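Peer 1: Checked TrEMBL, it gives:
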{"type": "BINDING", "residues": "A:126, A:127, A:128, A:153, A:169, A:173, A:322, A:326, A:327", "note": "L-histidine binding site"}
{"type": "DOMAIN", "residues": "A:1-55", "note": "domain 'WHEP-TRS'"}
{"type": "DOMAIN", "residues": "A:57-389", "note": "domain 'Aminoacyl-transfer RNA synthetases class-II family profile'"}
{"type": "REGION", "residues": "A:1-22", "note": "region 'Disordered'"}
């Protein structure tokens, strides 16, 4: 009865909604009601048709994927540490209001938590805003830190191209008031080091500056109020052709065709130090204070990058805009140009694998007195890199080990479980990585097969004769060589043979 | 106007609720409406009073905390790897229905995500249920894996005692059909190794078996339907005295006083192999099939633990119940007995730091055909361990380094920024961990002070004379010793002096 009434009421509201008679408050309430009904349907009706899956846009990492992931993380972390970074961590969710107003048009992609009667919470969308909140909250004005953690975006997933709703970001940021472009140059050096180290094939790092973009918009006749939205149109230029972006600017965003065409001329420019010099002479741009500042700093940046010897991979590109609202100065994005491996080229589309920039205003948004802390940082997009390496590994013959076990403790006869347990315990206590089969009386053949399957290099075999003689038979899986080792020398022998301390 | 009407409507509903005239559906809808109003108040009203904090029950980890955290993780991970475990990872949220019906009375502590028009999602409550879902989904019947990740519980936080709403679990589990108690014994060995390694002071690992508990309940006259709820009463015995638990069983749970008193006699027993033998002779328990099975396995477990040499820290304790519904066999929990450090004793209360058990039915709950995969595992409660180590470190004089930087690239005169950039780039490219101050003309004193503050052991000083001579002046911060090193030997010299490859 109550349900019937509810449905009738709902129908009435829908009718009024269609006639435009319902106000937004009413709509919100109806949505809340519908969601409540859905939640009750899902939870209470005995055994629902159960779907065995991970949530949309997410995935599990099995042992093989994890082995690849650890390799990539190690490369990235050792680069961050090489540059003297500390490490921090923040909660996976933040107060909803912490994230509000930081992401422009992307805010709709934020995951909110259900209000269960406490604070309103959202899953973090990136690591940059939590970092800024952390700095303001702890009144830190000076830090170089990295942070590797998962972030969440209710975006359209494209998993084969490494686009997920839950994905890792690996961020390195430098906060503090410093002489211009020195930390900015280090961020680009870091991207260069990591991408070279991971051997992902050829890449280019595009660089631009928000001040150059804003100055350019101004001299092209884009009204101030439209800078940000035109910026996010420009940002699409790496995916869609200019004609499409042009019609979005004219149609959706309501910019005059003349202004759009002037913008079009600039955003198709890219080059190096020569282009910077050319634009510094540009009669219109050079009159604009912001653009001049940005171009001056861009020149300085290129000088520092020359000292680092990496300008070969750097491209000053006026079409690079980056979507996020909080950037205030230099911005950059690294793009893979092509795969070395033919097989991979077909399945993984190339694209952005790192990005970042300067955001001098973000910390001030959190400080009660608006005190600013200038920041510049870079984020490595690890998922796309995983996808490439995963598919490359699958295409290759390489067999990847998922454990580090040095030795299997085995027995040649029955009734030796107790002896195996005693021996393996000795090995563990000495720091040796050891396994045994969880069977009372395993066959020797099965034990050897297990080593073949998992890549364990050594087998320590206990038998009655060996026990009497005070030795253990050590077998090298690869060569089938067997030697008797005195029990007290076994640990040392295993260490030597596996080169692990 | 619309608001006024809503408030009036709300008041009416509250009145009817108090009179018991509203049905649950109506209540749910009213709650949804109120939450909606709250959400709108928070989001839309211009600049709200902004609170700069992390969500309740969560915290940031600064560089110092992270340094401690990495130490603890390293100890735990190397133990897991020593035992041949692979590693996996799963998403931070699961489909809501994946978690439904797995946690008994604790289900109310699960964080749900807001329904934003897709699947209904919840944050994971532990790593065990996602592991079981992973096994069933991938049809894995045999694996030994570890998983270290954050889990979420809307519990009452007690942060000084290391109880958070977001916290790490470090899980090690063995899945597969094996001979009895061999994997179970290994889990206990792992707890013993980790707690010994971390030097947290004296500890004891309590062990029991769900079958012994269930058998005991049966012979005491507890009805089958009350096993689980009485189990969770028994589980409170480590925190509250028997009298309180007794009155909960009689009052809230409606058990007869006679049955409760019979339970009371058993749950106050604890001991070792002798107690197991005694209970195997107990006229009532020995007649119960479940209890007999459990006691038989417990005896076997103690035999294996004797071979591992760790029975000194193991206590068979009939009051150990563990709250979660999914355990089916052996259960265990490690408790710190006292702190070595007087200062710490006052602020950190001792308590459980690891727990686990056997759950043979959980994977089957996810398999369409109910195929079971027996599992046993252990979870290390890292947060309490952090709290102890953090407070211990604060009390001590030990200065903890938060970076690994080997050398600071410094200059003795002005106008040498370019030379510093060139040198540091060379060092980075050679794999040396190097920093420099982000200033054009930093004072030498400030550069040396930075090394003192952050613990950087070496300074590579470039000066005009050194550049002419093709050398770099290397200064040892601790001893103030200075030597000129030929530029081409610098990398090798730094490596030797910092013992880092």
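Glycine is treated like the rest: Cβ placed from N, Cα and C.
Automatic prediction, not curation, is the source of TrEMBL annotations.
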Peer 1: What does DSSP assign residue A:327 (L-histidine binding site), in three states?
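Peer 2: Going by the DSSP assignment, residue A:327 (L-histidine binding site) belongs to neither helix nor strand, so it counts as coil.
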Peer 1: Between any two of A:126, A:127, A:128, A:153, A:169, A:173, A:322, A:326, A:327, the residues recorded as binding L-histidine, what is the biggest Cα to Cα distance in Å?
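Peer 2: The L-histidine-binding residues span at most 21 Å between Cα atoms.
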Peer 1: Please report the DSSP secondary structure of residue A:128 (L-histidine binding site), reduced to three states.
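Peer 2: Looking at the DSSP assignment, residue A:128 (L-histidine binding site) belongs to a helix.
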Peer 1: Counting Cβ atoms within 10 Å across all protein chains shown, which of the binding-site residues A:126, A:128, A:322 comes out on top?
Peer 2: A:128
Peer 1: Quick one: give me the count of other CB atoms within 10 A of the CB of residue A:327 (L-histidine binding site).
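Peer 2: That number is 25.
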Peer 1: Kindly assign residue A:322 (L-histidine binding site) to one of the three DSSP-derived states: helix, strand or coil.
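Peer 2: Coil, per DSSP.
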